[in-house]
Amino acid sequence: MPCERKPMRYGHSEGHTEICFDDSGKFFVTCGADGDVRIWDGLDDDDPKFITVGEKVYSLALKKDKLVTASSNNTVQIHTFPDGDPDGILTRFTTNATHVTFNHSGSRVAAGSSDFMVKVVEVSDSSQQKTLRGHEAPVLSVAFDPKDDLLASASCDGSVVVWNIEEQTQVISWPLLQKTNDVSNAKSLCRLAWQPGAGKFLAVPVESKVHLYERGSWNHVSTLSDDLLTQLINVVSWSPCGQFLAAGSVGGSLNVWDVNSKLCVERQKHEKGFTVCGLAWHPSGSQIAYTDTEGRLGLLDGLGTSTSTTTTEEAPAAKKPAKDYDDLFDDDDDDRVMDEGLSDTNSPVKKAVTGNDDDDDDDFLMPATGRVRNRGAILDDENSLDTGSLRLGQDKFGDDDDTGSAVIPAAAPLVPLRPVYEGPMPTPPQKAFQPGSTPAHLTHRFMMWNSVGIVRGYNDEQDNAIDVEFHDSAVHHAMHLTNSLGHTMADLSQEAVLLACPSTDELASKLQCLHFSSWDTNKEWMVDLPNDEDVKALCLGQGWAAVATDALMLRLFSIGGVQREIISLPGPVVCLAGHGEQLLIIYHRGTGFDGEQALGVQLLQFGRRKRQLINCEPLPLSRKSHLSWLGFTAEGTPCFVDSEGVVRMLNRSLGNTWTPVCNTRETCKSKSDHYWVVGVHENPQQLRCIPCKGSRYPPTLPRPAVAILPFKLPLCQTTTEKGQMEEQFLRSSLFHNHYSFLSTSGYEIDEDGLSRSQKEQQELLMKMFALSCKLEREFRCVELAQLMTQSVVTLAIRYASRSRRMALAERLSEIALEKANQIQEEGPEEEEAELEYTRRTSGYGQSEVTGGCYSNRRRQEEEEEREGEEEEVREEEDGQEMETEESTEIRKRVNPFAKEAGSPVKPSLTPIAKVGRANPFKVLGSGKLSSSSSSGQPRVTNILDNMTSSKKLSPLSVSAGKGSKGPVLKPLAPRPKSKTQSTLLQMTGSKAANKKTQNIQPAADQQKQPDVPPPASPLDNTENKRPKTGFQLWLEENRKSITADQPDLEETDIIKEAMGRFRALTAEERLSWTERAKGQTGDAADLKKRKRAEGGGGGAENENGQAEADENSAKKKKSLDPSSKLAAFAFNKN
């Protein structure tokens, strides 16, 4: 059945349209959403007659010069044809009618409505009405049977019902369709059709097939289908002869079946793929007219159904020679392709080919589907069927066909044998896009939403403009730009706005930059790309702009407009993202299959030394997803989001791999909700996104609100305590990798944030250690200890000892010894290690997890300056046994990691003591201590607090070590800060104990130690055992000169002045004072002097520390609260 598809034309405005022929076939009539009915002489009629019926016309029917329409005013009207004069209203509904149809004779009209009712009305007397009630949802379609006894209807309630018109009862009902609440939401219009003539079959479109039900028995006798047809069928229509059935689908497919053979004899495709919603056969059967949901109409011409030879009566025609048979059809021998509007074969429904001269039963017939239905016929014997062939139907012709003939192929040129591919199908490549933008076809859209601001584009009848708005108006005021060039892409940074437009026939693709941070007057520059290049993606960085084009080029410009680099890309670009000196490129590295995208990623770093951090690695996406957002965190770590809502971040510490850190779909309430990501922060850990209800993109108005989602790594068993702590530890480690990257890239880093993250990680390790101890998982405890710093391992040893796990404590002590030896071995290689550290590109190793690198480097860098202090600490530890009970408790808080004689951790005592003295009150004053007196818990809390204080010094010392390399004497700036925290305890703690020792001392303490009298003056006992520092010795000898110069100074001011003068001394002089102080340690005669100086020195350093650390004043004040300190000590004794 060869036919020609005529080019389509517009007939109505966008929306539902219907079509029918008049009885003569001279005119065809259409109706549409514009409220008009148009009468066409032919498809080429440029001035059709029109009748305005209402605001909208939903359906029409034409018979015997009567035109019936269902319009938006809830009526079914009648007009004369072709004059179009109104002829009254047939019936009314409470809502609009959805479908109208005439019976075979034209005497009655049936109409279905959205108010669930079907009415049958006499045309001659509209008062003669029958109402069929029973549907539970709007009616989709109605159809009279040719004998005028029955009526079929389909409804949104999912049922197809056959009614007896006279009795107004249901004959049968089938639940065949998907339920919906309205015709506008229905997947298919489900237009039913009875076979003309006797009405033997009722055709019902069910999904992508047509079911045929036999009249009377109402059995489902056969199904018409096509393997190439996958979309839902919308409308069906019988040919006037009743032998063929045409169907139009939602995806634009047009199929014609021969009902007797159940073969698809014609297959066409809508030229734009729009939904076919109207279908009508010409009375002659040679044409099919159709309309789509865009208001266009088309025609299939030259169907020639009347010459078909499939019925038994016409069987002799099949016996004619092939030459005569071909003459019946208006076809030629050209190869015609479906896409050109012609069917894919020239053969009729069944083409007789004479195998030899005499007419016998070996005549073969083949279907006109463009491919051989049974490949076995081509092979040597009819049983060797090629199972790999693509089957296009369910039934095969055999010897039991109506004509008694067998199946044989036509001549070879008609059906060339081609290999059929049955593997996975390629995925269409994802188009290039701008992260943080909404689709370009929208009239009001976001061209960019990032952490700097928002760029909105407006392209409607009134205005074509771009609005730029900054989150921080201090960066720049809002801008309104006229978009005369038609820019479709934008990016925004702290320095500039970058815009780009595609090329047109007249103009090249342009790049425009508004450099608003420039200090000169010319703040704008523009570049024309070569004629054969179009901008596909762009981004801004710090001092540069990058543009990727469809010529597989990456062009790099300076922010002032200088062309800096040009790079060839490995594949078509998908998107770009920039941050500081980093540029992230995503491109297609090949063709994906089965819904997968094959994307690659490159990460370049510009700066003093340009380098490629990631070289063309595959980008890991979720299964069958595409990339939906790409960018950097505020701290400069690359991350991306795919269409499944999974957020992945670059893990620099593991060879630049990607780790999933969040799944936004887990927080969506329904499947149609999405989160549109606009920014990611690592510190604090926040995913900033806009909730989109029922869509993937937010509207521009009203301004959408930004929501903040937490991160959660998809670890196993995160409902358990162990799983939660593991997730927190891993997330903390991952989210603080950026400190290493920034420091190696030469940026300043937030030392406080770094120390907080290390403290947090060590706390979590200690909690996991405690949990593993409770669960008696000692091997796991050792694994966790490997991740700890040396000081925290010492804590773990104490915990294991108190938990009576001596075997574990022994193993842990080996680890502590190993870590201490590492520190001592690394000492002489200080310079080498420092160089190596900065030389590493990915070197985000163990230091991030354990914090070991920082504390090690601190010790190495300050070795010379602290020799005197180390000696002092050792001597303090030697004198520790002679202190009273309270003093001992205080000293335990200061130096929680000191061990008894004979401890296996002997080599690590010195550095641990230094760390322990660093920060005694940071935690004590913050009120974190629990007042619980249970036996197990206080120990854990106590240990964690000690561990917290030990970690605090690390970042300060790092910066001190770095500073010591400069010519200025900066290392001393942070030094007293750490000393302040150590001497703070000696001064304020002792004073507080002196003042309130009688009030605060708990009874439990006295019961516990009945032999020890209450210490009246722990200050004396504590300080008499302490060696004098170099500063204290210097202050004794120089106090008189200071008071002589400035007699009005109070004690604290004297100490401040003394600190300033002592700092001004050279390093050699300070070292000599320290040496002199060491020489006096055994002199008993100087004990009282030392006591005075110790108190004074402590106060001096305390004051000085406060003056230098104003930003931490609030924390300092908290830690100085004596009641909280004493409460902590009382708790600690237990």
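The chain as shown is numbered from 1 upward.
Quick reminder: no glycine exception, Cβ is built from N, Cα and C everywhere.
The stretch that TrEMBL tags with DNA-binding region, taken from the ranges 34-88, 1024-1078, 1079-1133, is 1024-1078.
Sorting each residue of the compositional bias 'Basic and acidic residues' (1067-1078) by its DSSP state yields 12 helix, 0 strand, 0 coil. Averaged across the repeat 'WD' (233-267), pLDDT in this predicted model comes to 90.
Residue counts for the repeat 'WD' (9-41) by DSSP state, with H, G and I taken as helix and E and B as strand, are 0 helix, 16 strand, 17 coil.
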